[in-house]
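A.B. asks: Feature table excerpt (TrEMBL):
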ACT_SITE  E92  active site, proton donor
DISULFID  C168-C180  disulfide bond
Amino acid sequence: MCHKYGIKFENLNDFGIRQNIMDKFRGEEITILYDPGMFPALLTDKKGDVTRRNGGVPQEGDLKKHLEMFRKHLLEQIPDVSFSGVGVIDFESWRPIFRQNWASLEPYKTLSIKLERERHPLWSDAAIKKEAKRRFEKYGRIFMEETLKTAKKLRPKAAWGYYGYPHCFNQTPGQRSPHCSRQTMAENDGMSWLFELEDVHLPSVYLRQEIKEVDRVGFVKGRASEALRMAGKSTREQPVLPYTWFKYQDQRNDFLTKKDTENAINIIASLGAEGLIIWGSSEDTDTEQKCRDLQRYLREVLGPAIRRLVK
C-alpha cells in the first residue's frame, strides 16, 4: 500500500528480514489465507443480527461445500503450483476445543447446547452439555483437519499452519501467570491430530501495553515455549515462527518500544525458534505518514534488533 506514496521497503535483507518481492501482500515467501473457504461460523452484521454461515457450528456444517470453496480460494490466491513459502490459514471464528470458546466465542457453545436440547428434550443438562461438547469437537476437528490436508495436497511444497496455534492463554484474565495452564497444555496434547499435520507452528505473541513490561516478557516466553514443546513431540522437524506485530494490540497507534521489540525478538531466538513472522494490518499503512513512520521504525528499531541476532 505504501508504493502509491513512493515508499518502498527495500533492502530488508540487509537486516536479515525476508519479504515478498515488491512488498506484495501475497508472494513467494508468505501468503495468508484469511477466513478461507466456508467454515461454519456465526456472523454478526452492523445491526447486530446474527447469520449462521454453513450451519453456524461445525457439527451442522457442510464439509464438502466448505472444501470446494477453500480449494477455489487457495487456487485464486496462490496460483503458483510450486509455491514453497509459508502458507497461513487464518481462521479465528471458533476453536476446536469446546471449553476454549469463551467471551466473544461463547455463542458457539450456547448454540451447540441449544441444538442438543432440541434433539434430546428429555436429557439432563449435564448429558446435553456433554453431547454438545462431543459433537462440536468431533466435527471441529474434521473441518480443521480436512482443510489443512487439502492445502497440503494442493500446494505440497509450502509449509502450512494455522495462525495462533498452539494456544496458551497466558497473561489473560483467566490465566495471569506467564505459563500456559495445565489444562490448556493437556488440551494441546489432545490436539496432536493438528500439530502432527502442521508443517509449521504459528503462535501469536501480539503485545499489550496494559500489562507490565516484565509480564510482556513472560507472555512471549510462555507462548513460544508451548509451541516449541508441541513441535518437540512431532516425529518430523516443525519450525516455530511466532507471529509478532510491530504495534500494541490494545494501542494500535503506538509502535512497540525499542525495549519491547528487542525483548520479544531475543526471547524467541534464545528459546530456539527458527524465526518470527512480522505482521501488520492494512490500517497500519493506509496513509503516507503511517508508511513513513513504519519505515523509520524498521530502519531504526526492528531492523537493527534482528540484524544483531542474525550476525
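Using N, Cα and C of the backbone, Cβ positions are placed for all residues, glycine too.
Automatic prediction, not curation, is the source of TrEMBL annotations.
Computed from a predicted structure; not experimentally measured.
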A.B. asks: Can you check which residue among the disulfide-bonded residues C168, C180 has the largest number of Cβ atoms within 10 Å of its own?
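C.D. replies: Counting Cβ neighbours within 10 Å, the top one is C168.
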A.B. asks: Around the Cβ of the residue listed as 'active site, proton donor', how many other Cβ atoms lie within 10 Å? Please give the count over every shown protein chain.
C.D. replies: 15
A.B. asks: I need the CA-to-CA distance for C168 (disulfide bond) versus E92 (active site, proton donor), whole Å please.
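C.D. replies: Counting only the Cα atoms, the answer is 15 Å.
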A.B. asks: Compute the C-alpha separation of C180 (disulfide bond) from the residue listed as 'active site, proton donor', stating it in Å without decimals.
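C.D. replies: Here the two Cα atoms lie 20 Å apart.
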